[in-house]
Amino acid sequence: MVLCFPLLLLLLVLWGPVCLLHAWPKHLTRAHWFEIQHIQPSPLQCNRAMSGINNYTQHCKHQNTFRHDSFQNVAAVCDLLSIICKNRQHNCHQSSKPVNMTDCRLTSGKYPQCRHSAAAQYKFFIIACDPPQKSDPPYKLVPVHLDSIL
């Protein structure tokens with residue numbers, strides 16, 4: 001039993017940063033946080049676009065992809081055939097056509113002085129969708145997670 005406590009403590013220390021990477025601000029719904037992180041109707045310079053996300057999380061996010069489309073169009077992907085997500089859940093959906101995106105990657109700096117580079121992309125994407133919460137738009141399903149870019 002004495003050996004279990006240090007092992008448990010080590011697991012908690014290692015798990016903490018992983019949990020923070022996938023957390024979202026609790027005053028936002030998952031769909032609203034998805035919109036903030038991944039929908040930018042017209043391209044913005046990455047440092048400016050990422051500052052909004054970094055201000056919520058209080059750290060420099062290493063990588064983020066913005067779709068240049070409306071929330072309504074991205075949410076429409078949730079109505080397409082469901083597929084298996086990376087986490088083995090069955091609530092993912094693939095876009096039927098590629099869309100313009102900007103991939104932002106951290107190049108230097110520490111919060112709040114984060115610096116990101118930009119790469120334009122035209123690709124398909126896979127999103128996870130869930131039923132909306134009370135304050136979400138009234139769609140049958142709403143996007144809550146960017147699962148992958150193809």
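Note that Cβ sites are derived from N, Cα and C of the backbone, with glycine treated the same way.
It should be emphasised that the depicted structure is a prediction, and the values quoted were computed from it without experimental measurement.
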What does Swiss-Prot list, out of Arg105, Arg115, as binding the same substrate as Lys61, His62, Gln63, Asn64, Thr65, Lys86?
Arg105
Determine, on the basis of Swiss-Prot, the cysteine among Cys46, Cys114, Cys129 paired with Cys78 in a disulphide.
Cys129
Going by the disulfide annotation in Swiss-Prot, which one of Cys4, Cys114 is bonded to Cys60?
Cys114
Among Cys85, Cys104, Swiss-Prot lists the disulphide partner of Cys92 as Cys85
CA-CA, which of the recorded positions Asn55, Cys85, Cys92, Cys104, Cys114 lies nearest Thr65 (substrate binding site)?
Cys104
Which of the three DSSP-derived classes (helix, strand, coil) applies to Gln63 (substrate binding site)?
strand
Candidates Lys61, Lys86, Asn100, Cys129, namely the recorded positions, that fall within 10 Å of Cys114 (disulfide bond) by Cα distance
Lys61
Could you say which of the recorded positions Gln63, Asn100 has its Cβ with the most other Cβ atoms inside 10 Å?
Asn100
Largest inter-residue Cα distance among Lys61, His62, Gln63, Asn64, Thr65, Lys86, Arg105 [record-listed substrate binders, Å]:
22
